[in-house]
Amino acid sequence: MQIITCKAVVCWAAGEPPVVEEILVEPPRSGEVRIKILFASLCHTDVLACKGFPTPMFPRVLGHEGVGVVECVGEGVSELREGDVVIPTYLGECGECENCESGRTNLCRTYPLQAFTGLMPDGSSRMSSAKGGEMLYQFLSCSTWSEYTVIDANYAVKIDSRIPLPHASFLSCGFTTGFGATWKEAKLQEGSSTVAVLGLGAVGLGAVEGARVQGVTQIIGIDINDNKREKGEAFGMTHFINPKKDNNKSISELVKELTKGQGVDVCFECTGVPDLVNEALESTKIGTGNMIMLGAGTQKSMTINFVSLLGCRTFKYSVFGGVKVQSDLPLIIQKCLNKEIQKIEQLLTHQVQLEDINRAFELLKEPDCVKVLITL
């Protein structure tokens with residue numbers, strides 16, 4: 001196994017536009033795999049990454065959504081082999097630690113969330129600049145905006161290759177986060193639960209689709225972009241609120257108007273905007289309401305309205321929608337193949353080559369944009 005020279009998207013400092021340049025990708029070490037990325041996609045978290053989220057470690061190779069094939073495996077890897085189609089992720093699952101066995105969380109203690117170091121689990125990087133040899137941090141330890149990447153084998157999920165690979169890229173973070181939150185976190189009741197989804201991007205549409213699959217009959221979508229109405233309805237949304245069209249009422253007031261003054265059982269906050277968190281919480285029922293936050297932002301803190309909490313509502317943050325990468329993600333792929341999850345192809349609105357990555361960031365601002373597919 002040799003060092004590979006390939007193209008990747010590198011951000012050299014917070015606030016600087018990313019650039020496509022040649023990097024060096026080392027062979028996998030023990031317990032690791034090297035993946036040839038075929039498709040990647042753009043998530044709002046990647047925008048935040050250019051600003052230093054979740055920690056300002058630069059230079060970094062961007063990207064955390066993608067799908068590819070195993071190019072080679074390191075010593076001790078038995079579950080994967082060359083040619084396997086895989087999704088690289090930022091979570092692991094050992095199946096044996098206290099958290100994995102509890103059934104209450106998807107955050108494995110043995111293979112933890114790789115969000116804060118920018119390095120492999122052993123504390124080093126497999127990527128460096130082809131120009132000056134500088135070490136490059138790996139965003140969320142997977143860096144999918146690179147023709148090749150190296151990750152710990154436990155963070156790579158082998159998937160059924162029958163699924164269209166662009167769709168698999170969409171399932172590697174955003175859509176699955178929303179869908180998983182309805183399935184793994186919310187404990188929705190078929191025919192009785194009411195749901196609101198704040199923000200109808202890929203995460204929000206995943207939550208809408210998940211609520212539909214769970215049998216929810218009232219699914220309220222909330223977005224300031226009217227173009228999202230049609231997309232939300234395609235995934236199962238039953239009501240739509242554009243808060244900008246009724247400036248005299250808050251989001252929670254508008255939600256309660258649609259729920260006989262009660263609010264919803266569960267509100268999924270998919271924007272990461274701190275000012276909307278309290279509105280999402282206040283949109284839920286007193287005593288039993290549950291607000292699940294899925295969005296991310298650059299702010300380090302937020303203020304929660306204590307009065308809303310006095311109503312005995314529950315507030316929880318969810319990473320990857322509570323989905324366990326090895327146990328649950330293959331099941332979501334299967335749900336797509338058997339058409340239990342429908343219309344996932346409608347997430348795709350734009351497509352660019354890796355060399356046009358900065359155009360992808362501009363496309364994300366378009367009112368009709370949901371997912372930008374990146375072809376490598």
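Positions of Cβ are set from backbone N, Cα and C atoms, glycine also.
Annotated features, as they stand in Swiss-Prot:
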BINDING   Cys43, Thr45, His64, Cys173  Zn(2+) 1 binding site
BINDING   Thr45, Gly199, Leu200, Gly201, Ala202, Val203, Gly204, Asp223, Lys228, Leu294, Gly295, Ala296, Phe320, Lys371  NAD(+) binding site
BINDING   Thr45, His64  substrate binding site
BINDING   Cys94, Cys97, Cys100, Cys108  Zn(2+) 2 binding site
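Ranked by CA distance from His64 (Zn(2+) 1 binding site), the binding-site residues Cys100, Leu200, Gly295 have Gly295 at the top as the closest. Long-range C-beta contacts of Phe320 (NAD(+) binding site), restricted to its own chain and to partners at least six residues apart, with a cutoff below 8 Å, comprise Thr89, Tyr90, Leu91, Asn106, Cys173, Thr176, Thr177, Gly180. Cβ neighbours of Gly204 (NAD(+) binding site) (same chain, under 8 Å, six or more residues apart in sequence): Gly178, Val197, Leu198, Gly221, Asp223, Gly232, Phe268, Cys270. Among the binding-site residues Thr45, Cys94, Cys108, the ones whose Cα sits within 10 Å of the Cα of Gly295 (NAD(+) binding site) are Thr45.
Sequence-distant neighbours of Leu200 (NAD(+) binding site): residues of the same chain at least 6 apart with a C-beta under 8 Å from its C-beta are Val208, Gly221, Ile222, Asp223, Asn225, Lys228, Lys231, Gly232, Met237, Cys270.
Neighbour counts were taken as the number of other C-beta atoms within 10 angstroms of each residue's C-beta; across the binding-site residues Cys94, Cys108, the minimum falls on Cys94. Between the candidate binding-site residues, His64, Lys228, the densest Cβ environment within 10 Å is the one around His64. On the backbone, the CA of Cys43 (Zn(2+) 1 binding site) and the CA of Ala202 (NAD(+) binding site) stand 8 Å apart. Annotated Zn(2+) 2 site Cys94, Cys97, Cys100, Cys108; additional same-chain residues within 8 Å of its Cβ mean position, judged by their own Cβ, are Gly92, Glu93, Gly95, Glu96, Glu98, Asn99, Glu101, Arg109, Thr110, Tyr111. Taken residue by residue with DSSP, Cys108 (Zn(2+) 2 binding site) is part of neither helix nor strand, so it is coil.
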